[in-house]
Structures are given as C-alpha cells and as structure tokens.
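Undergrad: So TrEMBL lists these for the protein:
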type: TRANSMEM; residues: 22-47; note: transmembrane segment
type: DOMAIN; residues: 40-289; note: domain 'G-protein coupled receptors family 1 profile'
type: TRANSMEM; residues: 59-81; note: transmembrane segment
type: TRANSMEM; residues: 101-119; note: transmembrane segment
type: TRANSMEM; residues: 139-161; note: transmembrane segment
type: TRANSMEM; residues: 196-215; note: transmembrane segment
type: TRANSMEM; residues: 236-260; note: transmembrane segment
type: TRANSMEM; residues: 272-291; note: transmembrane segment
Amino acid sequence: MEMHNTSSTDFTFMGLFNRKDISGLLFLIISIIFFTALMANGVMIFLIRTDSRLHTPMYFLLSHLSFIDMMYISTIVPKMLVDYLLGQRTISFMGCTAQHFLYLTLVGAEFFLLGLMAYDRYVAICNPLRYPVLMSRQVCWMIIAGSWFGGSLDGFLLTPITMSFPFCNSREINHFFCEAPAVLKLACADTALYETVMYVCCVLMLLIPFSVVISSYARILTTVHHMSSVEGRKKAFATCSSHITVVTLFYGAAMYTYMLPHSYHRPAQDKVFSVFYTILTPMLNPLIYSLRNKDVTGALKKALARFKGTQRVAGEVF
C-alpha cells in the first residue's frame, strides 16, 4: 500500500520498483549489490590501512576511491530500499536538495580521482626512478584535496541553481533519485540557458579527467611495449587493465547520461545507465581491483589467517 500524506513541496519518484511483477526481485538484487559494495569497499579500506605492503601511493588513492564509493552508493540506495519497504515514494524539497548536492560532489570527486589515478600508473611505469618524488605523500594528499575540491565546486555551483527554479504542480520525478536532468524536467520556467551551462560544466568534468586517462595510458602502452622483461609486461598490463575496466564502466555510462543529446534519451534507458554508474560501479570497483591484484588477495589471505589464528587461541583459552 502506498502512503500519500505529502506536503506541497515534496517530490515523488516514479522509481525502479514501479513494475509489480519484478519489484520484489529488483529489491533483492539492489539490496545484495548495496551490502556487497559496502562490505567490499570496507574490506579494501581495512586491508590498505592494516597491511604495510599496501602502504603505497596507488593503494592510498584506492582507499579514498573506496571511501567515495561507500558514500556515493549510500546517498541513493538506502532511501530507495526503505521507501519500498514502507510503501512510499516521496522526498522532501530539502532532502532532494541534499541528495542532489551529495551526488554531484561525490560523482565529481570520483571523476577527478580516477583520472589522477591514471597519472599515478603513468609515473610508476614510465618514470619508476622518479616515482617516490613525483608521487610523494604530499602529492597524494594534493590529489585527494583536488578531487574533493572539483567535486564540491560542481555541487555548490549547480545545486542552488537547479533547486531555485519554480516547479510544476505534478512534482513527479521520472527517476529513482534527484538527478539534475530529471529534476529540471519539472521546472515551470525556461531552463535552456542553464542546461547549456550545466552541459558544458559536466562535459569539462568528464573530458578533463578522461583526457588525462587517455594520454596516460597511451604513454603506458608505448612504454610497456618496449619492455624487455616479459614478467614486467604482464604485471604492468594486469595493474593497468583493472583501472581501464573501471574507467570504461564509469565514464562510459556517465558520458551517455550527460553528453548524449536530449533527443536520444528515454526515461527507461536513463534509469538503466544511471543504475550502472551509481549502483553497480561502487560494487565493481573493489571487486575488480581485489580479484585482479595479487597484493590485495595476499593481504586478504594474511588477514584471514590472522583472524583464524586469533579464534584458535581464544578457543584454547576458553
């Protein structure tokens, strides 16, 4: 049963669970993805912080990527799941504003961080002797700060303008969260100029880090191709292929959402692509990095062995 005691300023989501025949299955799948993402990213952060072999710039950046992913998916999914259980689809104006701001900030920070992680791989493979200097702890903190600054700038610039438009009486968002294009469709004012500005802003936020990724990996592939060591080539390709997979999944879906002309968009397709980079990617990031990385799997085995040893000692004591 759906609850309808809403105020005139509330928005209503059409959501993902509007098909009764598959709503229960979708709820189960998204719940599993959500808890898997939280657990996998949490384990990655724990391993990176506790295993000394993972105290390197690459894993330092990866731990922050996992932190962003945990916050990112938690901004959208918990409300979806709770609303389904309670039989409601509404969100207050302030709640929508907060979700919009957090989403833009976190997705922007991840755009920049993934791009700068490609620079880290470029330095590690193409300039290994200068790596300790070019990727010092101070530089790593500058990368993190720059990523958060870029994301926050996007959130602070676009959120107040998006939410300042007068909205029509229906206030029904054909989406499952307060994503800017879906919210703007409800505006009872001419948003053409703002949508153009937002388009340029989003394109820059995508193209700048994506250009860094392309140029970094172009140099990496050239360097790897000329490596004399077969083992070195395999290790370089294994490390870089993980990052390329993550980047392709994340940027590809985001480019569809923000760079494809409006005439090519359909609400159902928009929801699918949004699911891909807002819900699936936070789960896939740690799995791709951990399953394809011997250092991480080694650290996990070490942690599990230590945990089993602790349990054995505790059992002997009691």
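Just so it is clear, glycine is given a Cβ too, placed from its N, Cα and C backbone atoms.
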Undergrad: For the domain 'G-protein coupled receptors family 1 profile' (40-289), would you mind checking the mean pLDDT of the predicted model?
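TA: That stretch averages a pLDDT of 85.
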Undergrad: Out of 22-47, 59-81, 101-119, what stretch is closest in contact terms to the transmembrane segment (272-291), meaning most Cβ pairs under 8 angstroms?
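TA: It is 22-47, which has the most Cβ pairs under 8 Å.
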Undergrad: Are the transmembrane segment (22-47) and the transmembrane segment (139-161) close enough that 3 or more Cβ pairs fall under 8 Å, when only pairs 6 or more apart in sequence count?
TA: no
Undergrad: Could you tell me what the rest of the chain brings near the transmembrane segment (236-260), counting residues at least six beyond its ends with Cβ under 8 Å?
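TA: Here the qualifying positions are 107, 110-111, 114, 117-118, 121, 125, 179, 181, 199, 202-203, 206, 210, 213, 217, 220, 224, 227, 270, 273-274, 276-277, 280-281, 284-285, 288-289, 292-293.
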